[in-house]
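**Q** Sharing the features that TrEMBL gives for it:
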| type | residues | note |
| --- | --- | --- |
| REGION | 32-52 | region 'Disordered' |
| REPEAT | 124-158 | repeat 'PPR' |
| REPEAT | 159-193 | repeat 'PPR' |
| REPEAT | 259-293 | repeat 'PPR' |
| REPEAT | 294-328 | repeat 'PPR' |
| REPEAT | 329-359 | repeat 'PPR' |
| REPEAT | 365-399 | repeat 'PPR' |
| REPEAT | 400-434 | repeat 'PPR' |
| REPEAT | 435-469 | repeat 'PPR' |
| REPEAT | 470-504 | repeat 'PPR' |
| REPEAT | 505-539 | repeat 'PPR' |
| REPEAT | 540-574 | repeat 'PPR' |
| REPEAT | 575-609 | repeat 'PPR' |
Amino acid sequence: MCSIKCCPLLRRLCCHRSRSFSTTAAKLSLPRGKNAEELPPGAGPPPAPDAARAHEAAVRRLAAAGDVDGVQLALQEMRLRGVPCTEGALVAAIGTFARAGAPDRALKTFYRAVHDLGCARPTAPRLYNHLIDALLRENMVAAVVPVYENMKKDGVQPNVFTYNLLVKALCQNDRVGAARRMLDEMARKGCPPDDVTHTTIVSALCKHGRVDEAREVLAAALPVCAAHNAVVLALCREFRMQDTFLIVREMVQRGLQPTVITYTTIVDAFCKAREMRTAFAIVARMVVTGCTPNVATFTALVKGLFDCGSVHDALGMWKWMVAEGWAPSTVSYNVLIRGLCSIGDLKGALSVLNSMEQHDDCFPNVRTYSTLIDGFSKAGDLDGAISIWNDMTGAGCKPNVVVYTNMVDVFCKMLMFDQAENLIDKMIFENCPPNAVTFNTLIKSLCDCGRVGRALGVFHDMRRHGCPPNDRTYNELLHGLFRDGNREDALQLVIEMRNHGMELSLVTYNTVVSGLCQMKMSREAVLFLGRMIVQGIRPDAFTFNAMIHAYCKEGKIRMAAWMLGGMNAVNCPRNIVAYTLLMAELCNQHRLEDAMVYLLKMLYEGIYPNTATWNVLVRGAFRNLGCIATIDLIQNITTDLSAGTEVHYSHS
């Protein structure tokens with residue numbers, strides 16, 4: 001195996017400030033009456049061409065250094081000296097503004113080019129292409145259209161690079177159909193699409209789940225590995241492996257050799273499906289065809305082995321990978337840390353973190369710390385989770401919403417609700433808005449601790465922070481309100497769900513039915529059960545068990561038995577819990593013989609008693625010591641079951 005070295009990672013976190021700009025200028029066409037020789041009024045005679053070239057060289061040097069303000073001052077000096085701005089200087093300036101995340105400056109500079117800077121009206125698409133590219137870097141798709149319209153108005157014919165940028169803009173704006181129609185325009189203008197054009201459209205179609213359409217475009221496109229790999233990835237996500245292998249075969253037929261990306265995508269799909277034998281077979285095929293696996297390939301195998309529970313093999317694969325010279329990436333380390341945390345080896349996970357910190361080319365990222373915090377939290381080591389959090393913030397790694405939510409969960413487990421709420425406030429201050437999972441974590445913990453009033457306060461804050469509650473939010477609050485005996489607010493919350501256009505799910509109905517049953521309101525619970533069936537939501541075993549338990553607590557054996565019989569009517573198999581609840585109440589009412597009838601029915605249906613069932617029957621037998629025949633029957637059943645003999649008792 002050849003040794004492949006990882007390229008040094010660029011350790012730089014750039015926080016791009018959001019900038020606003022006016023698109024009024026974008027709607028203005030460049031004046032046609034001016035040219036490079038016409039200078040601003042009062043500027044004096046035209047300077048020598050050498051002055052323009054010298055200033056262009058200065059702008060280029062400043063642009064190469066990334067000095068945005070210096071470029072701006074250089075352009076201003078050209079205007080004051082009456083030196084016309086060359087297209088090369090303008091291109092360099094726009095590129096600098098784009099890299100600095102300042103497309104507003106690029107746009108304003110472009111439209112000032114003729115008015116103030118004496119730049120000749122562009123006759124080639126080069127300048128327009130750089131401006132469109134600058135706008136797309138910041139996803140300012142809406143500003144691209146007027147620039148393109150001005151380009152056509154000024155008589156500049158777009159080239160293939162222009163069209164590729166427009167196709168990219170349309171795809172970013174979820175207008176893939178319009179992007180496909182752009183191919184027809186290119187054909188009419190005599191500008192044939194290249195591999196970038198087709199790859200952009202194919203990738204966009206795959207991103208939106210329109211894989212079959214992507215395959216149509218792929219069949220008519222130039223044979224390009226990147227486009228085929230995009231389709232392979234989309235098919236693997238849906239685990240359509242037969243179609244995936246057809247695409248690989250088409251690649252070979254069209255003269256393309258599957259790349260390491262192609263094979264690694266397929267290997268990863270089989271690893272996620274926990275079909276490790278097939279994954280290793282693909283790697284073997286890969287090597288036979290002369291395609292060397294890379295660190296991503298082995299990382300997928302390590303992750304798959306961990307997910308399958310083959311910890312020893314996963315660690316062995318990792319050690320072999322490192323020994324053979326494949327330097328692990330940050331992604332690889334994250335997979336190893338996640339696997340170690342999943343088996344509770346937190347000490348080993350911390351050791352891996354220390355190894356990462358000692359390498360100059362592989363640094364922990366936000367996912368690394370998030371995985372460790374989650375691992376320590378699930379292991380119950382909350383102090384360890386807080387220590388990792390402190391290490392993360394101390395290393396200058398900015399938390400994301402996942403890490404913040406994990407820390408909210410840690411504080412909730414420690415009953416430090418003030419700190420949890422303060423952390424949510426910090427998220428908002430740091431421009432990392434909390435999502436529904438964040439709020440639900442806090443609401444659930446508050447409800448579990450009986451602090452439903454405070455949970456309702458958090459609930460009302462959600463919309464104020466631009467995060468609408470979801471069905472889980474309501475379900476947690478409903479559970480807490482019913483447990484507190486607050487039926488009125490719980491039912492009002494159900495009405496509020498409907499008012500906001502939310503459909504009541506099976507979980508919501510079960511929460512309401514169970515809550516009403518706990519409050520001995522079986523009649524109201526039955527009404528909700530009926531409404532549930534009318535809306536096409538089939539009750540499950542939890543629903544019926546709650547109803548049977550409620551009727552049994554009220555001593556309504558007939559209704560409980562009727563509910564047990566109704567389970568088959570909605571194709572809900574009867575279960576051991578329902579039978580045990582019914583038999584327990586029959587025994588409480590000294591009806592041991594009737595309880596035995598249900599025991600026989602249960603056995604006839606292939607449902608065998610558990611410890612709870614036998615405890616109920618034994619207690620019932622001791623209360624009814626006069627029922628010798630019934631006790632003998634219990635003894636016979638237990639003897640047959642312990643001997644493994646199939647039970648054949650009449651249940652009539």
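The backbone N, Cα and C atoms fix where each Cβ goes, glycine too.
Since this is a predicted model, take the numbers as computed values, not measurements.
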**Q** Given a Cβ distance threshold of under 8 angstroms, which distant residues of the chain, six or more beyond its ends, lie next to the repeat 'PPR' (435-469)?
**A** 401, 404-405, 408-409, 412-413, 415, 417, 420-421, 424, 427-428, 476-477, 479-481, 483-484, 486, 489, 500
**Q** Report, as numbers and ranges, which residues of the same chain sit near the repeat 'PPR' (329-359): CB under 8 Å and 6 or more residues beyond its ends.
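**A** Same-chain residues near the repeat 'PPR' (329-359) but 6 or more away: 6, 9, 295-296, 298-299, 302-303, 306, 311, 314, 318, 321, 365, 367-368, 371-372, 374-376, 378-379, 381, 384.
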**Q** Sequence-remote contacts (6 or more beyond its ends) of the repeat 'PPR' (470-504), Cβ cut-off under 8 Å?
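**A** Result: 436, 439-440, 443-444, 446-448, 450, 452, 455-456, 459, 462, 511-512, 514-516, 518-519, 521, 532, 535, 537.
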